[in-house]
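A.B. asks: Next up is a structure, given as structure tokens.
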């Protein structure tokens, strides 16, 4: 009992620091992006709320008085504020406050919506106050209030220093001639315009783990009681944590035991692949064998696999210490980078691992990342995730789960596997291709909300007509997402470009026209001999 109590204490001690998943009590059989994305959403909401509450408390406790007031009437207090007045800071104001603390004098563009109690008389006071705070009015609109026709609503767009803008908002809120004041963030003020990586080097900041050092945390993990295995996992994880963009992928000297574990799984996949894997997987698997990357007695190094992928589809590999947050992992795909673990599952459980390991990554994911059509599909999932809302990240993670991890496709009328979770797990592979589960046609809208099973094999799998069909359906579905902008990966610069201005679109159209011209010339040259 003492040992169990100590183990439980150890689990709880590390939970918050190292593993959201364990903290949330996820079952140990399987770790996935789906549940981690859901829990990540919960953590983000709780964190955001605590930040807002703290900022509002600081604002209420602040003894700093504004320098000027827009009128000489008594300021509102908690007792005199009516039910329509503002209560506390908004999310945009908290973000603006954080930005102002870093660079208070930076010029910021934003919009305010004001409800005027005294009509145009109040508006003139507002404009004078903007002038006193050294702001510039860029746009002004007024309309009768929808709630009370005797009052006036105003939309005013201004540019001024960040700190001055905060003071202006506070000053306006204390005016008895205004019923309400709301800040609509614009540009980098808006909390609804989140940061996301624009270049592969930014992925150095996208390595947050949802599960870390699983054997230390989970009593159900095969390596929980194996001190040597736990030390080995920690050693390899630290190597991944120290990796930076541009470094060669670290070489791991695998032990004899680790290579034997690889051999057991490799031989099983080799036996089942001809009958159950899709043709794209089989084709690349043979290429990897021919180049002596896939051999039964040695685990491939990520660097040699990365070089192979780069030649085939432009994908490269980056070491990861464990299961990344859904947002970070999907973001890497936008740059044709796959974040892969380098540790090996425990020798006592060669055919199952509660979290991804390098055997799953190498045998499951790598062959199809070398297929041009599948690589494009993976990148498009990544691009769709950049700047997406938390609920949309959950949906994208679910689509990824039922396609890249556990997807099926048709091949000459026969259902084959292309999902990495199936191709590296023979038990679920045979289950998926039996008559036990329900097979449904892949439709992103319904797939994205399908509950997934983490205790047993999936009761439902989705079948794509082809990778091209899956891409077409996915593109149509992504176009319905709420993200107010489009992004594009520029292969020449390696950067993600946000298509949010006419100039950027005109430049892109020029590039595409040039490429179309080259393609048209090529077609004409190929046709010329046939016509002569």
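Glycine residues also receive a Cβ, built from the backbone N, Cα and C atoms like all the rest.
Any TrEMBL annotation is an automated prediction that lacks curation.
Here's the feature list from TrEMBL:
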REGION    55-85  region 'Disordered'
COMPBIAS  66-79  compositional bias 'Basic and acidic residues'
DOMAIN    181-527  domain 'Biopterin-dependent aromatic amino acid hydroxylase family profile'
BINDING   360, 365, 405  Fe cation binding site
A.B. asks: Excluding 360, 365, 405 themselves, which residues in that chain have a Cβ inside 8 Å of the centre of the Cβ atoms defining the Fe cation site?
C.D. replies: 356, 361, 364, 404, 419, 420, 421, 423, 424
A.B. asks: Across all protein chains in the structure, which of the binding-site residues 360, 365 has the highest Cβ count within 10 Å?
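C.D. replies: Going through 360, 365 one by one, the largest Cβ count within 10 Å is at 365.
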A.B. asks: Quick one: mean pLDDT on the domain 'Biopterin-dependent aromatic amino acid hydroxylase family profile' (181-527)?
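C.D. replies: Average per-residue pLDDT within the domain 'Biopterin-dependent aromatic amino acid hydroxylase family profile' (181-527): 88.
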A.B. asks: Can you count the other CB atoms that lie within 10 A of the CB of residue 405 (Fe cation binding site)?
C.D. replies: 23
